[in-house]
């Protein structure tokens, strides 16, 4: 185990599960297409097994009905290795919800924002897993209660990324009322609203115009979708506060709404439904092999054009320097700035 001090925000050392002295258990989660068509999956299984792991492969996780509990991995599982993109990591999150089993992502997708390694670094990733040479990055989870008219108890679900409440008819909007800590804030017609965690702030909410929330900030974000209102803007609340969203039983809400968690667990709800979202007491544990600042991940994964303007600045400075040198070599022209008063 790496016992070097770690200064990463929200980081801690990995747990050593009970039974780790004997057989070490690992689970590989991947997409069915990759399980049959990519040698990376077989290579990863072989590499882990060669280092003493009992490896289980899961290549299909069917979305369960909305509001129903999900199956999870054994508590003595040491790590879940995800081979795929962020969507596969969201599927794997269902398997570790309620446990302390960490998830390590190896990106075989597109952006792979939650992934730690790229596929060409697989050998190094396995070596670090075997030596428990990684730290734990705990990510906020959002818990949700859905109060449906006529029901005595709420449906409960959760999300790592986001919870969305959207219209069911593409030809009409829904009217929603927004509360914070039980206090009415506003109401407006819209295509829907997104409530996201800091992890989800770089996903659907980001595409809808919401701000990026750094993972170290314990907060929830609400982002309206195409709101027909002048002052409907994203809201950010602290982890001790709650969002309340109600589908108002008035035009333009004509047929209720569609609620979805992490793009997987979803269901239709009628007008009058009230949704309460709060920060969960549990977290997803991401295994991190390098103490890379979130800002660096953001720039790299989104390919932000900072290199362009930085390189342009360097070229401009270089051109000015060369120009000064050329001027110095030109008869009658001085490369030294004129410091006389009034110059």
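Each Cβ is built from the backbone N, Cα and C atoms, and glycine gets one as well.
Same-chain residues at least 6 positions away in sequence with a Cβ under 8 Å from that of residue 86 (active site, proton acceptor) are, in sequence order, 105, 109, 111, 112, 113, 114, 115, 203. Under DSSP, residue 86 (active site, proton acceptor) is assigned to a helix (H, G or I) in the three-state scheme. The annotation active site, proton acceptor is assigned in TrEMBL to 86.
Other C-beta atoms found within 10 angstroms of the C-beta of residue 206 (NAD(+) binding site) number 18, with every protein chain shown included. According to DSSP, residue 206 (NAD(+) binding site) is assigned to a helical segment. Per TrEMBL, NAD(+) binding site is recorded for 86, 87, 91, 161, 162, 191, 202, 203, 204, 205, 206, 207, 226.
The region 'Disordered' feature in TrEMBL is assigned to 318-343.
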Conformational class of residue 226 (NAD(+) binding site) under the three-state DSSP mapping: coil
Binding-site residues compared (91, 204, 226) - the one with the fewest other Cβ atoms within 10 Å: 226
Among 86, 87, 91, 161, 162, 191, 202, 203, 204, 205, 206, 207, 226, the record's NAD(+) binders - longest CA distance, Å: 28
Long-range Cβ environment of residue 162 (NAD(+) binding site), under 8 Å and at least 6 residues apart: 142, 194, 195, 196, 197, 200, 203, 204, 205, 261, 262
Secondary structure at residue 91 (NAD(+) binding site), reduced by DSSP to three states: helix
Cβ neighbours within the same chain of residue 202 (NAD(+) binding site) - under 8 Å, at least six residues apart: 113, 212, 298, 302
